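Everything on this sheet refers to the single structure shown next.
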Amino acid sequence: YPNVDLSNMGCEECTLKKNNVFSRDRPIYQCMGCCFSRAFPTPLKAMKTMTIPKNITSEATCCVAKHSYETEVAGIRVRNHTDCHCSTCYFHKS
């Protein structure tokens with residue numbers, strides 16, 4: 001096999017993409033794409049501190065807006081992203 005990094009195969013670089021759902025009277029952009037992620041065995045020292053030990057640890061960065069502003073489209077408040085970067089992942093739970 002060729003010596004090629006295929007870790008992000010099928011996933012484009014983190015960049016601004018036009019959101020066709022919200023782009024009606026003007027373009028609305030959102031950050032989309034892939035960033036760094038990896039999984040590795042949990043170090044024994046860290047495993048001993050866990051309430052529920054997990055033998056695999058993962059770390060990642062997500063494609064997020066570096067700059068954005070709020071705007072309204074058809075009565076809905078949306079954020080129009082103007083710049084993207086790979087940074088801390090934020091998960092929104094209901």
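Glycine is treated like the rest: Cβ placed from N, Cα and C.
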Legend entry - Cysteine from CYS34, CYS35, CYS62, CYS63 that Swiss-Prot links to CYS89 by a disulfide bond: CYS62
Legend entry - Recorded disulfide counterpart of CYS11 (Swiss-Prot; options CYS34, CYS35, CYS63): CYS34
Inset, instruction - Quick one: of CYS14, CYS34, CYS89, which of the disulfide-bonded residues has the smallest count of other CB atoms within 10 A? - result: CYS89
Inset, instruction - Within 10 Å of the Cβ of CYS31 (disulfide bond), how many other Cβ atoms can you find? Include all protein chains, please. - result: 21
Legend entry - Within 10 angstroms of CYS14 (disulfide bond), Cα basis - recorded positions out of CYS35, ASN55, ASN80: CYS35
